[in-house]
Amino acid sequence: MEKTMNHSNPSTNKDKALRNDTTDEEEVDEEHNKWQKLNFVSRARYIFNNISVEPLLGFYIVSSVLGSLTTQNLNLQKACRVNLNMSDAVCTALEKRMKSNFTSDDEARVQELVTDMTMWQSIIQHTVPCIFVVFIGSWSDRTRRRKPVLLLPICGELVRVLGLLVCVYYFYELPMEVAGLVESLPSSLTGGWMIMFMAVFTYISDVTTVKMRTLRIGILNLSLTIGISFGVALSGIMYQKLGFYGIYSVCATMYTTGLIYGIIYLKDKRTNKPDNEAPAVCQDSKILAVKKTSFFTNAKDFFDLKHIKNAFGVTFKKGNDNRRLRIIMMMLVLMIIMGPMTGEMSVMYLSTRKRFNWDEVKYSMFSAFTMVTGFIGTSFSLWILSHKLQIDDTLIAVMACCSKVIGSFVFAFAPNEVIFFLGSIVEIIHGAGSIATRSIFTKLVTPDELGQVSAVVAVCEAFVPMVYVPMYSAFYKATMKTFPGAYFLLGGGLTIPAIFIFLWMYKGNKERARRQEENKTTIMQKKPDDTISISKTYGTSEKNGFTNLAFQSSDCTKN
């Protein structure tokens with residue numbers, strides 16, 4: 001067979017790309033204009049009709065949160081009754097919060113044992129996903145398959161819950177460490193929250209336009225907040241009413257329901273190429289041949305180390321307007337935002353037991369209140385600050401970080417429960433920081449790069465609990481008897497650098513927006529024949545201060 005080469009005219013390709021850019025921008029602006037004209041009922045109908053991955057995430061989140069508090073109590077009871085072999089009277093008093101029947105040292109001994117386990121448990125739970133996420137993100141990009149990645153963590157959580165039921169059945173035979181391994185390993189081997197969130201945000205980015213992406217990601221975060229609020233509000237009461245068996249059975253049922261929903265209703269937005277076919281050979285935009293591949297070939301391709309290299313290469317490649325530096329800064333700031341949140345949640349239940357003698361019901365009430373205030377703050381940030389006032393994402397993130405820093409002082413020095421609850425109101429818009437950061441990420445990369453970049457970002461996120469949970473556990477253990485709220489000050493101090501990074505990003509956005517306006521003016525003054533050369537001179541299109549690489553076209557044939 002004669003081999004032919006496709007030597008396309010570079011100017012023709014650039015002209016095609018320019019026309020495609022214009023068409024895509026017009027479609028995006030048209031959709032945005034339609035959204036602006038809709039009333040409240042029509043917008044609610046639009047959101048309902050476009051629901052896709054939100055119910056799946058809801059089942060996953062509610063089940064995870066519902067079982068989280070129960071598992072913490074399981075660890076505390078096993079530490080008391082099995083590992084430390086304390087008397088039933090003391091352990092029952094600790095469980096029922098009957099302060100007259102136990103001493104502060106009894107509580108401290110149990111909590112120290114649990115915090116020690118939390119340190120190594122966090123490392124186990126996030127080490128495998130840290131490596132696995134790069135392979136699966138690259139594979140998801142190449143095949144455009146998001147659905148299996150979404151379903152995998154649910155399978156792991158289902159196995160975890162069934163394993164915890166076994167630990168409850170053999171309560172005295174299996175020590176706390178076995179329950180810790182059962183809690184960690186299934187989630188670790190299937191990705192857990194890390195893979196789930198990567199898949200969810202990548203799936204949403206696949207099925208939405210760039211202009212609507214911030215809104216859709218915001219809606220997804222609101223769904224996440226609602227799910228967490230629902231789970232934490234019921235977790236304490238349901239634990240007291242249903243016990244270990246009841247809670248874990250409910251969680252298993254919800255995971256199974258979510259799994260069935262995902263299998264039936266979720267569809268991948270992908271090409272018509274079968275799973276077991278290699279990439280088509282292209283010539284003059286025509287398919288010449290398709291090579292069949294076996295399961296073992298696909299497995300070898302999945303675990304090929306070149307995909308790690310490619311993922312990091314795509315993520316940190318150079319681009320216009322300091323693309324690589326901005327991505328690095330956004331990764332850093334995402335870890336800075338998520339770190340204190342993750343660390344605080346790992347020890348907050350223990351600290352409230354120590355400071356205010358709370359039981360699981362009071363703690364779930366506080367958690368629900370925190371989620372509701374966070375929902376209100378996120379809604380305000382999404383609809384008013386971002387959608388209505390069109391405030392830059394970076395400025396919203398600055399306000400969110402400042403809210404966190406101020407709130408940390410309220411939480412740390414709260415003398416009673418009322419002031420402690422007030423801290424949730426002070427940091428009401430803290431959750432908007434992660435929304436803004438994720439929105440910025442999606443606008444810095446192309447759709448074809450999104451899975452690989454998301455995988456590398458997920459690797460960074462994996463280091464957050466691996467670093468912050470042991471650090472907060474050790475810090476809380478050291479300050480438990482003298483200043484049990486000190487870890488809040490640690491979180492506030494660690495958040496401050498994010499404020500300066502976002503301000504630097506905002507300054508860069510304003511400069512790019514100014515240059516974009518100058519470029520548009522120059523283009524309008526030029527003749528149509530000069531459009532291509534102007535595009536070459538000034539680079540790609542930008543919107544809202546971010547390089548909109550999603551508007552670039554891709555051809556079947558590479559030059």
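Glycine is no exception: its Cβ is also placed from the backbone N, Cα and C atoms.
TrEMBL lists 1-12 with the feature compositional bias 'Polar residues'. If you look up TrEMBL, you'll see 13-22 marked as compositional bias 'Basic and acidic residues'. Annotation source TrEMBL lists region 'Disordered' at 1-31. Annotation source TrEMBL lists transmembrane segment at 46-66, 119-137, 149-172, 184-205, 217-239, 245-266, 325-343, 363-385, 394-413, 419-441, 453-475, 487-506.
Annotation: stretch 453-475 has the most Cβ pairs under 8 Å to the transmembrane segment (184-205), among 325-343, 363-385, 394-413, 453-475.
It is 325-343 that, among the stretches 149-172, 245-266, 325-343, forms the most Cβ pairs under 8 Å with the transmembrane segment (419-441).
In this chain, the transmembrane segment (149-172) lies close to the transmembrane segment (245-266): three or more C-beta pairs between them fall below 8 angstroms, excluding pairs fewer than 6 positions apart. Contact between the transmembrane segment (325-343) and the transmembrane segment (487-506) is supported: at least 3 Cβ pairs lie under 8 Å, counting only residues 6 or more apart in sequence. Among the listed stretches 119-137, 217-239, 394-413, the one sharing the most Cβ pairs under 8 Å with the transmembrane segment (453-475) is 119-137.
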